[in-house]
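Asker: Quick one: the structure is below, and I'll ask about it shortly.
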């Protein structure tokens, strides 16, 4: 199989050079007199090979000998990386040993030792390996002339056939809606300002961007609207002069004689502004992401006639962004039905398709294989054109893109260009994604962690951390349509997946259902689909794979179901794979691992043990000094971490969600590389105190701090230094009910100490989300009311049962969500909820000016919600959703004016007084209203008081007597679509349904005093009405059943 190698290998070689020129490695070579030339030999061989890599990439496509040379080079580079990694790992081990030494004198002595000192004992073996690697590289370098490889300074793109504006519309299916959507922007109903705007069509290679632009270009409305149309196929070469010249020749209808760009652009500008007619320029297949080039090209068009447009097709979202497109149309794959029509047209032309059952079944599977890609449909259909042999159809079905006949397929060249022009650092990342099975949806963060483990993220000239670089790389691939976002995850189109496999070659292997595991001695990356039980024989082939780096079981579903892994695999086979960098045993029913399981896997950077049944981790885990990622989420039996986990000084990501841990081991603060720590458990006496967080300066994302009742020393809390952790965005503070009397003590001294501790846990002002759960103090910290927390968007207060008042949160400028629940001591909400003591003097600021969701839940003693007047604006001016749930003692009314409220839910608030008459105008935008087991004073409900009400639910309102249409309002409830009434035992009056909207859904159940069933009102049966059904049950005349009636009738009319 042909592979793609040059820039892929260039990224490897760049990383190798960085290691070789680093001071520790140069010191190592200088200290060994017999090997002082080894470094120079190795560097020279690498430089010689690098010079011919560009030529090698081109020639390996058609020359099997060059392909073999490239694959041999990749294998040697992997071995070189392994050797250098051995040196770095040994240095790490000795450094950690020095730091852990109990002897200060020994620690100081070792601290002064060089890497060469560390390696004296093992240097002979390591130097022998490097010598072998150097010899292999020198041999490959010497073969460059024999293979005819030349030194090239730049990649020469292979010219593809240019596109034209012509299209055969009989061969286009399923693009009418796309065409209509883009036409709205090309020819808008309303006029536009002078100048030119850009519309972009973005999509994966082969999805039909050019075809769609051809349809638009040749549309009759487009021809009549635009005075001049120009089609320019740009491809990889963005030549401003050539494009400008072509536009000029199209506008003037004569050859261009100008050779100076400035003169040409001036002349073109004069012609465009002089005609007064809009023009259309199509730039097909645009790749250039240089804003300066685009800015130069657009200069003559800036003052073009009103309505002028540039239509761009590109695979890159970034191109569309750079060109400031007013509309970006993300072109989606065709439906299976449209693909079938195109396939039949391609295979049989204008003849009637003639398919027997066997070929018909194969045809459906081939069409499905194309996954909506028109180019793939036409390519596979073209290979089978008028082909009647079943064996040929089966061959095409099972073929991969590189297996198709070169003279009949342009699918691979079209897709390959997406890879060809990737930067070097992205090629390795993209090729690695070949380990994902077709159809597998993957998480962005996990892929970044895998790339990081494999060493693909290079910080050469960047101040960004590895995770930020990985996210940047991922976004680049997504922008280029190589990765596609679903609702929550990402996928690769099947043919892009094959392209990645094509790029990765024999170094990557997938073990999928129904396939035999195919690996070679060169295989470095392996994934397979988990099954209920993995047979040992399925993994026998791995005994020959001595240099495997990735062992990754996957699932095509998001199921959390656990599987079984044979003990032979987990305890005998895996420990022999000493070069592993990625190891996952996630979702396996593993209760224990041998004590020395990780002893020989010291190179691993990524370890996923999530959703296993492990009760404790082997101590040998603490010798994995290179480990960067440790996933232990939902290990529901795991009760403790190894004592010496602090040795993992390179650990960056530790996920402890869903474990049974109750404390962290001692010296946890030594893990200074941590970027993500999901949970920190404050220890009681023999573990890590909260002060251990103080040294973890680089924590990002979300942190949950649990067992805060164990913090009794205010100084400890201050040393946690939460206010210095500027990268944290979410913090959950959680107290628990402790088992000891001291932890349960709620005397005034104890609660005062809790408040003082919490005051010292002030987070950085960049925090965005806060949750406080089971806090045992009597007052919230002052910092919680500080308006300098300008980024907080969400606060959750749960079961803070000793607090009798809420913190002053009204002046947090960006707060959008506030959830308050389980505060049994809260009785009143008043002015201090909106303003702090200092802010009470100045009430000009609108309280809660950004709040959109407010939820009160399970506040059993809450009695009053005092209304507050402000000198400017309204309370809650942005509030959209209000929930008041399980507040049985709450009396009085709701805030009088909530102009933005669209959803109101009241549940089990019997004493709350809600009268629609009082809120008709103040809640004018209300769309959803739900009142359940609440508002005992509610007797009548005028349906037409809320003009925008879409959904009304009333359940167990004991006093409700009537739903009516108020006579003072001529309008009806025209927006109402769903009316649900249940168990309102005193309800007796309903409005005539012919006065309600025709498409209203009405459900009425268990309302026993509705005295007249709806079907007995014939005066409202008008033929022009056709309303959906109304369900009434539980009334005396419905015999207790749930019956359906035509809703053109009415219950007892008023």
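Here the Cβ of each residue, glycine as well, is placed from N, Cα and C on the backbone.
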Asker: Quick one: sort out which of 9-20, 21-32 is the region 'Leucine-zipper 1' according to Swiss-Prot.
Answerer: 9-20
Asker: Using Swiss-Prot as the reference, determine which range in 86-116, 117-147, 148-178 is annotated coiled coil.
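Answerer: It is 117-147 that Swiss-Prot describes as coiled coil.
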Asker: Look up region 'Disordered' in Swiss-Prot and report which of 981-1017, 1018-1054 it refers to.
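Answerer: The range carrying the region 'Disordered' annotation in Swiss-Prot is 1018-1054.
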Asker: Would you identify the secondary structure of residue 206 (ATP binding site) according to DSSP, in three states?
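Answerer: In the DSSP reduction, residue 206 (ATP binding site) maps to coil.
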Asker: If the ATP site is taken as the center of the Cβ atoms of 203, 204, 205, 206, 207, 208, 209, 210, which further residues of that chain fall within 8 Å of it by their Cβ?
Answerer: 313, 315, 331, 373, 374, 375
Asker: Look at each of the binding-site residues, 203, 205, and point out the one with the fewest other Cβ atoms around it within 10 Å.
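Answerer: Per-residue Cβ counts within 10 Å for the binding-site residues 203, 205 bottom out at 203.
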Asker: Run through the repeat 'LRR 5' (676-697) and tell me, per DSSP, how many residues are helix, strand and coil.
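Answerer: The breakdown for the repeat 'LRR 5' (676-697) reads 6 helix, 5 strand, 11 coil.
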Asker: For the repeat 'LRR 2' (603-624), give me same-chain residues lying six or more residues beyond its boundaries with a C-beta closer than 8 angstroms to one of its C-beta atoms, as numbers and ranges.
Answerer: 82, 85, 89, 93, 449-450, 452-455, 560, 562, 578-597, 630-645, 647-648, 650, 655
Asker: Which one is it: of the binding-site residues 204, 207, which Cβ has the fewest other Cβ atoms within 10 Å in this structure?
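Answerer: Each of the binding-site residues 204, 207 was scored; lowest Cβ tally within 10 Å is 207.
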Asker: Compile a sequence-ordered list of residues in the same chain as residue 208 (ATP binding site), six or more apart from it, whose Cβ lies below 8 A from its Cβ; state 'none' when nothing qualifies.
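Answerer: 175, 331, 334, 374, 375 - these are the non-local Cβ neighbours of residue 208 (ATP binding site), listed in sequence order.
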Asker: Just give the helix, strand and coil counts over the repeat 'LRR 3' (626-648), going by DSSP.
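Answerer: With helix first, then strand, then coil, the repeat 'LRR 3' (626-648) has 3 helix, 3 strand, 17 coil.
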Asker: Give the number of CB atoms, excluding that of residue 210 (ATP binding site) itself, located within 10 Å of its CB.
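Answerer: Within a 10 Å radius of the Cβ of residue 210 (ATP binding site) lie 20 other Cβ atoms.
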